[in-house]
Each structure stands twice: as C-alpha cells, then as structure tokens.
Amino acid sequence: MFKSKAPTKQVAVKKAPVKTAVKKTARPVRKGPAPKAGDECLWRPGAVRPAWLDGSLPGDRGFDPFGLGKPAEYLQFDLDALDGSAARNPSGNVIGKLKKADSKPKARTIVPYDEAFDIMRFRECELLHSRWAMLGLVGAAAAEAATGITWADAGKIELEQPQYLGFPIQLTVTQLTIIEVLAMGYLEIARSAELDQNKRMYPGGAFDPLGYVAKADAQEEFRLKTAELKHGRLAMAGMLIISIEAATGRGTLPGSW
C-alpha cells in the first residue's frame, strides 16, 4: 500500500509594489521680447517710453509729456533766388534736417552748453533743484521745530535784527544779500567752468565724505544716483506743498495748523 501525501498548503506571498518612475512634464515657458533698458519701471503703468528717453540716465522713468528733452532738429534751406531781372524770386526750399550730436562746448566758457534747452542741461538743473529742495525742506521743518517760527515768517525776524543760531549779526540785510550774491555767483561760475558734466554734477571728494560713490561699482553708483533723484523729486513736491500752506497762513509742521 502506498501512503498518500498530505496536500501541501499554498501560501499567497505578497509582492512588494513596484515603483514606477513618473515623468514630470515641465510647464511651458512663455517666450516674449526681452525688455529694453529702463522699460521695467515707468512713471505709470502702460506708459510708452519716448524714443529720446532710453533708460540710460539715472531716474529715467519715461516722463516727458511736453517733449522738452527731445533733441532739437534744424531745417536746412536752400539759398533764395537773387535774380534782379526776374519778376519773382522764389525762396529756398527745405533740403534736409540737421541734428547735433551733442551740445558740449569745445572751449572753456561760463555757460557749459551750446543749447539753451537740452536733455542733459535739464538733468543737471533737476539735480541741482533736487538738492536745494532737500536742504530747504529739512531746514524749514527743523527751524520751525526749534524756534516755533515758520519759514515764511523768518524773513520778518531777520529784517528787524539779522541773527544766526540765536546770535545777532552786526550786518544789515542788504550787506548780507550782497555777500550771498557774490559768494554764490563765484561758486556757480567756478562750477560752470568745468566742461565735464559728470564732474559738475557729482564732484566727489569733500562732497562724498563717506565714500559711497568712491567705493561703489557702476551698478551701485547708478542705484545711488537714482535714489538721490527720487528723494529730490519728493522734496521738490514737498516744497511746493509747504509753499501752498504758507500762502494760506499755515506752517510746515502739523502743530502750526
């Protein structure tokens, strides 16, 4: 007799799940024209940058609604007919246009421009007005906080007795005005005699005591110049506001309202 074998018990073996690599699809990248220099920040959204403002100047935001910075173009005319025997001499026609490459003078002069209206001259004037506005706005607020006298009424006090930091000055207002005109006139003539506009606008040296510009690279220098203009434009707007307030009898600080 043969012994029958007991049936073997089959045990189900769990297989480990097989990891399948999932291929991630990259998002489509939008391709468009690369932004030009200075187009990333204009004075208002949707503004169109004028052709003569390419963003190369510090603080250039494409704001020139009246086209004051547009390069001047001169028309070239042909000579008029000068025939004495003719019944009519026609005038010369326009034969072309002339545009100057720059307005820099070739020799040392008191006025460092050949053109009265030029984008670089406007930039220099804006920078100078910005610096005076920053000084004036801080000075008006500080003097009113220290003395209680508004900047608009300070002249009345000086007419009675000129003083500086509370100490009387033994000079009349007329004498002080003459000294101021001579001193400022000499400094302005000396500044304008410099042909290099960058040195006229940013002399450096004693006017950069902390050496910010001297230690900065080109990109950082551009950022510092832009920041100065932004603060200066805000100060000019502030001077306009306190001038309007002075006309209505108000001072610079809220306590004088």
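Numbers here mean position along the shown chain, with the first residue as 1.
Note that Cβ sites are derived from N, Cα and C of the backbone, with glycine treated the same way.
Heads up, TrEMBL stuff is auto-annotated, nobody curated it.
What TrEMBL records for this protein:
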type	residues	note
COMPBIAS	1-20	compositional bias 'Low complexity'
REGION	1-40	region 'Disordered'
COMPBIAS	21-30	compositional bias 'Basic residues'
BINDING	Glu126, His129, Glu228, Arg233	chlorophyll a binding site
BINDING	Arg131, Glu188, Leu195	chlorophyll b binding site
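The binding-site residues examined here are Glu126, Glu188, Glu228; by Cβ neighbour count within 10 Å, the least packed of them is Glu188. Cβ-based neighbour count (10 Å, all protein chains) for Arg131 (chlorophyll b binding site) stands at 15. Looking at Glu126 (chlorophyll a binding site) and Leu195 (chlorophyll b binding site), their Cα atoms lie 18 Å from each other. For the pair formed by Glu228 (chlorophyll a binding site) and Arg131 (chlorophyll b binding site), distance between Cα atoms is given as 8 Å, rounded to the nearest Å. Distance noted between the C-alpha atoms of His129 (chlorophyll a binding site) and Glu188 (chlorophyll b binding site) is 14 Å. The chlorophyll a site is defined by Glu126, His129, Glu228, Arg233, and by the 8 Å test on Cβ atoms against their centroid, the other residues of the chain that qualify are Gly59, Leu127, Leu128, Ser130, Arg131, Ala133, Leu229, Gly232, Ala235, Met236.
When the binding-site residues Arg131, Glu188, Leu195 are screened for a Cα within 10 A of the Cα of Arg233 (chlorophyll a binding site), the ones that qualify are Arg131.
A 10 Å cutoff on Cβ-Cβ distances gives Leu195 (chlorophyll b binding site) a total of 14 other Cβ atoms nearby, all chains included. Taking the Cβ of His129 (chlorophyll a binding site) as centre and 10 Å as the limit, one finds 15 other Cβ atoms among all the protein chains shown. Max Cα-Cα distance over the annotated chlorophyll b binders (Arg131, Glu188, Leu195) is 21 Å.
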